[in-house]
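Novice: The following block contains the structure, expressed as structure tokens.
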Amino acid sequence: MSKTSARKPLYKSLYAQVIFAVTIGVLLGHFYPQLGTQMKPLGDGFIKLIKMIIAPIIFCTVVVGIAGMEDMKKVGKTGGLALLYFEVMSTLALVVGLLVVNVLQPGTGMHVDPMSLDTKGIAAYTAPGKMQGSVDFLLNVIPSSVVDAFAKGEILQVLLFSVLFGFALHKFGGRGTMVFDFIEKFSHVLFDIVGIIMKVAPIGAFGAMAFTIGKYGLGSLFSLGKLMGAFYLTCLIFVFGVLGIVSRLNGFSVFKFVRYIKEELLIVLGTSSSESVLPRMMEKMENLGARKSVVGLVIPTGYSFNLDGTSIYLTMAAVFIAQATDTPMTLMQQVTLLAVLLLTSKGAAGVTGSGFIVLAATLSAVGGVPVAGLALILGIDRFMSEARALTNLVGNGVATLVVAKWTGDLDMTRLHQGLDNPTTRESQEPEAILDLQVTHMDVMKAKN
């Protein structure tokens, strides 16, 4: 199929529709803030529609991927390599954030007295019991019941059950073929539902952006513009610098990858939620040649353990507060901060407002930096969350391709075809290509 025949009119492109919707949302929120804040249900509704479908999609993808594998040892290898990659990249993100905030020093010269700050707004984030310990976090991965995990949309709990189900189905051998076929076909129905939901993505992006600008205003951007600029710059450095090097070492270009997921990036920009494109990212990673089992394990796990954007935010925000309140931090204190963040950032994975919760817990644990300083960045946190979500999204996509490459589960020919031809039907209609390219994977026959 030629590129020309695959092109859609601009007004039918999801990319163009989301750009238009976000622009209108910004204008409405700025000029009619009261009306803009009333658009919040549109954004919330879209995100709820996506969350409705995430758990069953993860289940189907993981089960089909694992049950269809010949070597079960590869599942453990994939998981181990993924966790190793996540830890290394999270550490690099923390270090990059620490380096940039020390070089640019966005908080220097503000001379804020912590005692003069209104801390009422941060009470909800710093209340005792909000932060999970490591043991509590691990126990929370085990659901009280399977139904409860799916009903609440707990990604890690659903993932655990899906892995166990996939192993059991594989062990069942040929007797499980009927179950396997049903789950595989059901997954295609679910992705068709995703396609239907994505048609209203521009409406969701419009509502979320109108609410954000209407509630917080563009003025809050300018009041702490130096921190905002430094943070966005750091995210760009990490994506195109650090992830760029990682991508190049593994045989693909991060620039082409970002172009490939441009629609998903715009939706995340509008909704400030990387979860809003999780199902579509899973489709696109498979379309780039990553094996279903790798996609099913890495993407959902990455949403809890591979939060590169959040890691950058944590070190930058902590040191910014110290700079703004004239609180000196020695090199040893900053290294200690880094070490504590390596632990605490994992404990808050998947928790709403996790950035503030982790930051508050870390500042309390390290000592020296006033927790009250969180009030300084409360007003712009929503705008910073967009950069966090965008960086997290790119990071998880790159992680999937890299881990797939390491385990030998990445079709490099399909990868380069997908990245070099972003306007083909594969990019516009991923599920249609999935139907054509994914062949039936028989459940392994039981061994006598």
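Every residue gets a Cβ built from N, Cα and C, even glycine.
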Novice: Can you identify, from 315-335, 336-356, 399-419, the stretch that Swiss-Prot calls transmembrane segment?
Specialist: 336-356
Novice: At an 8 Å Cβ cut-off, counting only pairs 6 or more apart in sequence, do the transmembrane segment (81-101) and the transmembrane segment (294-314) clear the bar of 3 or more pairs?
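Specialist: When sequence-distant Cβ pairs are counted, the transmembrane segment (294-314) touches the transmembrane segment (81-101), since at least 3 lie under 8 Å.
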Novice: Can you tell me which parts of the same chain pack against the transmembrane segment (294-314), counting only residues 6+ beyond its ends and a CB-CB cutoff under 8 A?
Specialist: 58, 61-62, 64-66, 75, 78-79, 82-83, 85-87, 89-90, 93-94, 96-97, 155-156, 158-159, 162-163, 231, 234-235, 238, 243, 274-275, 278, 281-282, 285-286, 341, 345-346, 349-350, 354-355, 358-359, 362, 384, 387-392, 395-396, 399-400, 403-404, 407, 409-410
